[in-house]
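According to TrEMBL:
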DOMAIN    19-239  domain 'MacB-like periplasmic core'
DOMAIN    291-407  domain 'ABC3 transporter permease C-terminal'
DOMAIN    670-783  domain 'ABC3 transporter permease C-terminal'
TRANSMEM  20-40  transmembrane segment
TRANSMEM  287-313  transmembrane segment
TRANSMEM  334-357  transmembrane segment
TRANSMEM  377-404  transmembrane segment
TRANSMEM  425-447  transmembrane segment
TRANSMEM  666-689  transmembrane segment
TRANSMEM  719-738  transmembrane segment
TRANSMEM  753-773  transmembrane segment
Amino acid sequence: MNTILRNFLTTLKRFKTASALNIVGLSVAFAAFIVIMTQVDYARSFDRFHPDAEQIYRVEISKNNTTYTPILSRPMIDLLAQAPQIRQSALLADLSKLGFSLYGPYLTVENNGSKTGYKEWTALVFPEFAEIFDFRMTEGNRDALREPNRVLIPQSMALRFFGGAPALNRRITFVNDTATMMTVGGVYEDFPDNTQIKNRIYIPMDRTRMLESDSWANSGYSFYVKLWTPEASTALKQEWMSRLRPILDENTWMHLDDIRLTALPDIYYATDTEFDLAEQGSRTTTAVLAAIGLLILVVAGINFVNFSTSLVPMRVKSINTQKVLGSPLSALRAALIGEAVGIALIAYVLAVFWVYLLNYTSFDQLISGSISLEANLGIVTTTLGVAVAVGLAAGIYPAFYATSFPPALVLKKGSFGTSAKGRRLRTALIGFQYVVSIGLIIAALFMQMQNDFMRSMKTGLNTEHFALVQLSQDMARKAPVIRNRLMEKSSITDVSFGGSVVGSNDLYPLWGFGENAEGEPISLNVIFADWNLPKLLGAKIIEGRDFLESERNAEIRKLLINETACKRYGMRVGQRFEVNNTEIVGVVEDFNFASLRNTVQPMAFIVGDIGFPLDWVYVKTSGDPYDAAGAIRGALAGVDPTYPAEVQVYDTFFNKLYMQERRTTGLVTIFSLLAVVISLVGVFGLVLFETQYRRKEIGVRKVMGATVTEILNMFNRKFVWIVMVCFVIAAPFAWYGMHEWLTAFAYRTPMHGWVFVLSLAIVMLLTLITVSVQSLRAATANPVDSLKAE
């Protein structure tokens, strides 16, 4: 046994480069598997940690039997909540994705006589909300939401606000027109990232009192219910429709085709919802990532098998000598398998180290959740088992193969070569690696092209040279003063205000405008705007007129609708809508006000008395917006010195808008490169095997006059054919996969043929370099030494 181990270490020392590459390659594969599985686990466990998660449902309605929306009106929620099948119900108003908050998002906290300003998002809820979901209290209790002006805050926020001091009964002042003061009624443990229930300041909402804006026509709330039993859902739907029918018959514009319940864990994967404020993922993306993780492991495992097998010709004589000297066959095989498992465990330790280092880099920008070892002990432990399994799988074949030959034959011949069957097997395994690598490279290139396409495509708006700042409600009510102060700065050319950042998200308030002539309910995405915002953004009027400054606070609100609204609903200039007290004054040319995942939907700019101030200021600058940031902060400080103004540019919002695509593309690109590198390590091992096996042939060829170039061509020719055949296999699968992925985007990059050619060229070039570097040593060796060794 000691002799076998000594011989093995000698072999590793002799082939240091090949050994190191295989260990590092295997460790990188294990590290990639750990990282990928953290993402898969993040998605699969989304919202599942809440007690009775399968009995908690979100209510969604459909007006077309095709898509559903979870955004309901307050009167509808109050009606639905009365059904006897419901154990508990709760409303949630978290409009942070729209950049809107009824309270805040700016607030002040007083410590030791001094006030500090913060930007924190709030959410309005019914008191039962904290009982339905898993609020684990560290201070106070959940019942605090049953008292007016008492709020719940997360533990991390309490630490920021009050340091290590108790937060219970401390005061928070929301900076709005009335400077609303509230008391901390409880502190809850921070929720993990993979839940729809975010770490917000939760403010109680009175079930018996509605806001001014609440009506059947205006939707802005999510509604969650907890049933006595899951089986009650069918009866509950019938109960709801019977309650709603009289109201729907009386108000025909309130079209409703269906109402459904979506279990809490299923919300993340919903694909047929619109105007959804919840975080959403893709089952396909999760499955693809899991498949990539497994494929990388398989590719690395194949390398390991090939590497172990490539060492057999140099070890078989020593192994069979041990057999002649009496070593049991089982002991020899166990030793060889143990060596493989040992190498796999060394690679595993390195993998854990790589992941540990990644946790302290910017890599976390490409992932959801955390990749820290402490947060993913289950995955890290599972990977240990995977490492042992890979070691066993990689060690069994070489162990039985190396000990399967009669000692007399091996010792008599003094050399050993592989069978044609063995060579075909290794070639097939390398081919599988190439199919995976080429497919992933094609996918990565198309994903990157789609990202670039979305970033570079003209939206129809002029978003250059804009600085954007969100104001507190108190400051937003001083819009004329802010405008005057900003316009005093030489670097600023114009100023306007809006209720959101146009073009920064897929979610806008959805207003109903009754029915059109065909009885179809009219729903428009509305953008609350100051009178000059459409012109400032470059919206083109194609019919009617623009807003007038005198209409800023008009009682009859004015609308600028887009072409799509005009065509879909037959809307026209001059048309009045009593339901929202609005009038159309013009039509603008279609532009992409949401992401390129969607086609242009019906939309309207709205100006007039909307009941709340416009809290986003649009600052048009003469040059780089960041150069004007100091001037903007100075102007705002003149209005409120304590206000923490955050100056942003449009690129910031576009990056957030396509964050999910950027993350997926980044991960696929990185793992594609890893798969290629690991495959090349496998090629390196196979060439090592071939050069050792064909030493005599190479020596004879050189004696007969073969040049170094001819010998290199002999080795490269084989791999050129392997790569070509694998490309022919991989390309159709890659084309189909990327075609399906791109269909999720309304606007997408063409599937150019040159991308496939480029992928082939990349893999071919790297392969030729790898093969040439390794085979060059054999091609330049002294043929006398090679023949003498044989």
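Keep in mind that glycine also has a Cβ here, set from the backbone N, Cα and C atoms.
Under the criterion of 3 or more C-beta pairs below 8 Å, with sequence separation of 6 or more, the transmembrane segment (377-404) and the transmembrane segment (20-40) qualify as touching.
Sequence-distant contacts of the transmembrane segment (20-40) (same chain, six or more residues past either end, CB-CB distance under 8 Å): 286, 289-290, 292-294, 296-297, 299-301, 303-304, 307, 343-344, 346-352, 354-355, 358, 367-371, 376, 379-380, 382-383, 386-387, 390, 667, 671, 674, 677-678, 681, 684-685. With a cut-off of 8 Å between Cβ atoms, the residues of this chain six or more beyond the transmembrane segment (753-773) that come close are 434, 437-438, 441-442, 445-446, 449, 676, 680, 683-684, 687, 712, 715-716, 719-720, 723-724, 727, 731, 734-735. Residues 427, 430-431, 434-436, 438-439, 442-443, 446-447, 683, 751, 756, 759-760, 763-764, 767-768, 771 of the same chain, all 6+ positions outside the transmembrane segment (719-738), place their C-beta atoms under 8 angstroms from a C-beta of that stretch.
The domain 'ABC3 transporter permease C-terminal' (670-783) scores a mean pLDDT of 83 in the predicted structure.
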